[in-house]
Every structure is written in C-alpha cells, then in structure tokens.
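Annotation comment: TrEMBL describes 513-582 as domain 'DYW'. Taken from TrEMBL, the feature repeat 'PPR' applies to 77-111, 178-212, 248-278, 279-313.
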Amino acid sequence: MLRSSFFPNTFTFPFLLKSCALLSIPITGSQLHAHVIRTGCHPDPYTRTSLITMYSKCHLPNNARKVFDENPHWENPTICFNAMISGYSFNSRIFNAVLLFRRMREMGLNANSVTMLGLVSGCVVPGHLSVGVYLHGLGVRLGFDGDLTVGNCLITMYVKCGEVENACRVFDGMPARDLISWNAMISGYAQNGHARRVLELYREMKLSKVTPDPVTLLGVLSSCANLGAQGIGREVEREIGVLGFSSNPFLTNALINMYARCGNLARSHAVFDSMAEKSVISWTAIIGGYGIHGHGEVAVDLFNEMVESGIRPDETVFVSVLSACSHAGLTDKGLEYFDAMETKYGLRQGPEHYSCVVDLLGRAGRLKEAMDLIKSMKVKPDGAVWGALLGACKIHKNVELAELAFQHVIELEPTNIGYYVLLSNIYSDVENLEGVLKVRVMMRGRKLRKEPGYSYVEYKGKVHLFYSGDRSHPQIEEIYRMLDKLENLVKEIHQPAVKYQGKSEELLIGTGVHSEKLAIAFALLHTKSGTEITVMKNLRVCVDCHLFIKLVSKIVNRQFVVRDATRFHHFRDGACSCKDYW
C-alpha cells in the first residue's frame, strides 16, 4: 500500500495494530506507532485504543499506559478506559485495573459490560478471588447480573479459582444461556474432578436443544475416562461423527484416552490407527493406555515406533513410558529411558519423572538405589516422589525407610489421607499396633478421615455404585446370596494359610465385604456367561480381594477387568495380568 503511494488513515491502523497484538510483535507495533504520529492519526480514539491493546497484548502495559496518559481529554473516553483496564487484567495487574476503574467512576463515566469483562477476566487466580467477588457484587448493583457475557465471565472466574459451587449459582441464576455458558460450566466441573456432574449437565444441555461443540465434547470425554463410563463415551463418539468433528485431533486423542481408561484397549488402538496424522499427544495417550493395563512391552514398542516415525518425544510422553515400565517391572529399560531424556534428547527431568523411577526401583526391591536417586535429584523432591518410596516400603515391609519417607511426604502434603493409610498398613503388616495407633491419633488430631472405598459397574447405560459393606442397592439380598456362593466355592479350592486366620480371613471370605466383591456379584447376576465384566474402584485393590477375584475368574470361567486407583488388572483363569506385581 505504501509502495503504491497510498497513505494509511484512521481506518487502516486499527487493523494493523490488532494483527501485531495477535502475533505479539511489539517492534513492528512500535514502528506503526511512529507512522500513526507522522500521519496525524494520533488523536483518533479507535487508533489510540488499538495502540493500548497492542502494547498490552505484547506484555508492555507501561507503554500502553503512556499512550493512555498522553491525552487527558479523550473523545469517547469509555472505550479507552476499557482498553487500558483490559490491558492491566491481561497482564495480571488487577489492582491497577481496579484503581483505573475507580478513576473512571470518579470522572462520572458509566461502566458497561466491556468494562466488567475487562475487570473480571483479571481475577482468574485464587489470590484475586476476593476482588472478583467484590466485582461480582458491584456488577449486580450496576445491573449487569442479567448480561450473558458477564455471566459467562463470572462462571469462568469462579471455576478457575476452584469455586465450582459459586460458578453453579451464577449458571443457575442466568436468565438465558448460550453454548459458552454450558461449556464454561462443563469444563469447570471436569477440571475440578466432578465427573458425574459433567455427565448430568451434558444430558441437561442436550434436553435444552443446545448443540455441543468440540470444547463441550472434550469435557464430557475426560469425565467418561475418569468414571469408566464407556457407554456414554460411545454415544459421544457417535455424536462426534454426526456433527462432523471426526477429524478434530483433540477429540480423537481424548477418545484414545477414554477407551483405554474404560478398559477397552482394542477400541483405543483402533481409534489411534484411524488417525491420518499422529502427534506426540496421540502417542502419549496410547502408550499411557497400554502402560496402565500392564502391557509394558507393547508400550515400549510403541515408544520406539514413535521415535522411528520422526516424532521427537517430550517430557509428557516420557512420564507415560516410564510409568509403563514401572507397572510391568521393566526396571533396566525404564532406567535406560530416564538417562536418555537428558543425554539423548536434552530434556529436563522433573519430579514427575523421578517419582516414576523411584517407583520403578522400589517395586524391584532396590530401595537403597531409590533413596540415593532422591538424594541426587537436581530438583526438590515433591510429595509424589516421597509417596512412591513410601509405596515401595509397603511392598517390601521396610518400616524404617517408610517412616523417613512419611516424614517428608506429610510436610509437603499434610492433608493427603492416602499416605497416612499407607503407613498404617505398613505398621499393620509387621504387627506394630503401637505404630497403627500413632497414625490414627495423628489423623484424628488433623481431622482427617479415610475416603470410603467404592466400586461401580455400568449395566444397560446405568452406573451401579457399591460402597464397602453396602446394603442400599434394591437387589442387595440377591447380591449377597450370589456372594455367599462364590465365597463357599473359593473356600473349597483355597484354604487360608495360618497367617490369614482371624481378621485377614474375614476379609478373604467376605465379612465387611469390600465394594469390588459386591460389584462383581451384581454383574454376574445380570450378564450372560462368557461376558467380560469391568469394575471401576476408587482405591487400590487389596491383597485379599485380588486373590478372591483371581479364584472367582477360574471358578466361573469369566474375565474380570478391575481398574483401581493406579492401574488395570485383567483376571482370567485364576491369574492376573499384573502377575501380582502392583
């Protein structure tokens, strides 16, 4: 345009400056700023607002403020104030934004929905939540409580600050909702671990005749993966096809992960194979899937295939392959990959990689090496690293090292109930009742309660949930009768050793029945012979239940797939895929 001897005007510069902002190229933006001054377009409020936005998006809020302060007598000042307020929020300077908002009010300027959006968008970290709550109240007083865009922004703010219930109140109080409203709430529930509520909201959304988009379906698929709700996941896959999103790589990767975490590795791999172009995220999903199912050799082969295909591994895929090696007992292979991260690929080994290797060494009984590795870490060990060592001490009954690991882990994660339970179980295994009592006193003093164990199975599109010792299911009498039969058959082929007498024997033969036994009994009542049964459990499966399910798989000639807190167990013909290594 310039070479053709045409001169830019006030209509030209806003588009150019917006492009600089989107590309984050402040040097070009500054050169354009000089053009603005030379052509005399500087007083134009839209050009100056574009300059403020450009500098703000390029993370130069001080430059933006200089532009803002250059002319105290703005024509159409509200849009300039809004641009500077949004700029401060974008750069996480919320208090500057609030001060400027106060000045705006003192000048008698009316705030509009754009002002509120600029302010609220800066309160998406927990440290700024109190400011966000104040702004929410102010917005109500100024009459913006019915504004759709402000409502959506408030939902996002509360969700990102972990205040899901407050987000839900805003959502429920909205006079009208659009797709952004539903997505904000669904993503909020998914990110904060409320998977069941995601699926409930998704059903409600469909009844409201709102068509989902890829953002919606990503949140739903992640929740299906967490819950093991394969039936709903299949419905979502069909919907992806109907809506024309089959080529969306994010959704395809989410499908791979969902099917793997629902126990259907065959379908997970089929989706992976159908991808025309596989990214490192796709490879990570399928490698992680085989890893949690205990197929470490396959995971390793896939990793090597990925590297041979020319895709450079990143830190995340190394977590998946190291974890796969740990679950399958491939100790030397895992150590080889850990070293290759730095020496071959120049990647930084983070706490998440160290925790995998500590777990790898610990499971193999190489506790001294695991402890030496922690001492040599280039980064500070986090709770997961010490927790991995504590878990290894449970397997090998090393009380002294367990106490040391526990001391470190509760300094980092004092409210993580799992570590207290783990130490209590270690003391229990070596019959140290004083130690068990000490842990219980500590838990009581810190007002910590053990999460109740529960398991569930999906049958005819409905999830059937069972707690330990549960008697609330409408078919509970039939379930317990089936369980009695199974227990009697188990006793015929396996008499507990002397060490299992008393309390441990009660666990084995069903007194105070663990939830997975109830789920299996229910599934056997309602499925045909030969049908694979999949059970999801929130806690790690105990030794006694693990043995019980192995024996039942042989008695009834069925395959059971049990997903516990750490991995999948495939039980068939009296054996488990984990080879009792979990």
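Placement of Cβ uses the backbone N, Cα and C atoms for every residue, glycine included.
Across the domain 'DYW' (513-582), DSSP classifies residues as 25 helix, 16 strand, 29 coil. Broken down by DSSP into helix, strand and coil, the repeat 'PPR' (248-278) contains 23 helix, 0 strand, 8 coil. When pLDDT is averaged over the domain 'DYW' (513-582), the result is 89. Assigned with DSSP, the residues of the repeat 'PPR' (178-212) fall into helix, strand and coil as follows: 26 helix, 0 strand, 9 coil.
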